[in-house]
Amino acid sequence: MGGNTGQLGIHTCKSLAEDDPFDPVEPPKRPTSNLIMHSMAMLGREFCYAVEAAYVTPVLLSVGLPKSLYSTVWLLSPILGFLLQPVGGSASDNCQARWGRRRPYILTLGIMMLLGMALYLNGDAVVSALIADPRRKRIWAITITMIGVVFFDFAADFIDGPIKAYLFDVCSYEDKERGLHYHAFFTGFGGALGYLLGAIDWAHLEIGRVLGSEFQVMFFFSALVLILCFIIHLCSIPEAPLRDVTKDIPPQQAPQDFLLSSDKMYQYGSIEKAKNCCVNPELALQGEKTPNPSKQISKKMTMTSLLRVLMNMPSHYLCLCISHFIGWTAFLSNMLFFTDFMGQIVYHGDPYSAHNSTEFLIYERGVEVGCWGLCINSVFSSLYSYFQKPLVSYIGLKGLYFTGYLLFGLGTGFIGLFPNVYSTLALCTMFGVMSSTLYTVPFNLIAKYHREEQEKRQQARGGSLDSGERGQGLDCAVLTCMVQLAQILVGGGLGFLVNKAGSVIVVITASALALIGCCFVALFVRYVD
């Protein structure tokens, strides 16, 4: 085992689908139907995201949330995600659940999304039915709604990492590429579907009268779509569990040189198993000889060890994370304030005037048109994802990455400099190009990096093993953390700029960041042929 003679057993945790933890068997080719089923999770997640984008502000306004708490609502979730996502990614790499490493986390986060939606869309109605005192009712409605928004945002942001790691675990390299394109396609489709349903005036339809309000109608559709999509996703592709093979090997046959010595520097991703002297199959270890594994006490994963691990991140992973951070900061800067930009800058409305005034009604009309712009973004993101695969054969991943940032930077720049209704709606297609790019290219590069490292290990099987292999769950989690970091920066910094200079400064800032990102992805990100 492991390619070294005399080593008949390896004390490690490995997949039941693997004969050698250092030379995993290439997964079989997956049918298109399996990859489409796997992508249903992205459709369900993005549908619920679109519903939140359309309804969360009206919900918060309806319960009377003080303005001083808005920043708390928007910042708490990304801060929690940024701190906990790498821990969750590393934990999923080592999960020994009977039905796989990733699916238990996906199921848990899906339930958290459902619970969050139930709280923020129905919390006010439930509190009104249970509490009569107006002051207590308002306090409880605000509290439950805030908890629901934070729960939903945290779970919806967090779940992207385990979904991508699940795809990478069970698919060959070619299927990973196909799967990522299907993910992006159904992400756009789910967003468009959510925005379209959110644009319907449910309050004046029969279903709205039966369920009580448009908030309850949207919860009904969101819960139905989310549950169906996640059931299909979790049943899409079998996931082999890890098992502790130390239980199958007598102590006298165990090699002594595969446990990570405590005095060695942590490599990026090399978290030790917390019990049973198990080591993740995705960790290629080296170190000094240790006592009998049955008596060896492995270190537990802590935040300190995780930070030490992340500080040893290879330079090409670091550059990819920086480019992802720049891209998401630009994208979120534009998307979060786009409807306000349409209402104030394009339509010249005033959100602070009296609600029955002409200026406020004009502003509301601009916000409605801005929502249609976001729908155009989702539709074009889905269409562009379909054409990405033939495009990559001509311009490569570098060309796709550069083009996505460039088109978004130029599109937002023109919108900011020449605000016009029709040109702005037309240029919303550039948002879709950027969205599709951010959901596919960085994860494609992660897959290529892992494939390259696997090939290097196979070439070096007769010699020493490389100690730098990382768990795919941790890599996907660290990359997804850049989204949370961008949310923290946008939520904490750009709100101040909007108050001082108006929404137009945000659009120009998004354009400048995207053009800076063009230079970065061209000069610093490493691409593997």
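Cβ coordinates come from backbone N, Cα and C, glycine included.
Features of the protein shown, as given by TrEMBL:
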TRANSMEM  71-92  transmembrane segment
TRANSMEM  104-123  transmembrane segment
TRANSMEM  139-159  transmembrane segment
TRANSMEM  180-197  transmembrane segment
TRANSMEM  217-237  transmembrane segment
TRANSMEM  317-347  transmembrane segment
TRANSMEM  367-387  transmembrane segment
TRANSMEM  399-418  transmembrane segment
TRANSMEM  424-447  transmembrane segment
TRANSMEM  476-498  transmembrane segment
TRANSMEM  504-525  transmembrane segment
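Here the transmembrane segment (317-347) does not touch the transmembrane segment (217-237). Their Cβ atoms form fewer than 3 pairs under 8 Å, with each pair 6 or more residues apart. Just going by CB pairs under 8 A, the stretch in 104-123, 180-197, 399-418, 424-447 that sits most against the transmembrane segment (217-237) is 104-123. By the Cβ criterion (distance under 8 Å, sequence gap of 6 or more), the transmembrane segment (367-387) is not counted as touching the transmembrane segment (504-525), fewer than 3 such pairs being found. Ranked by number of Cβ pairs under 8 Å to the transmembrane segment (399-418), the listed stretches 104-123, 139-159, 180-197, 424-447, 504-525 are led by 504-525.
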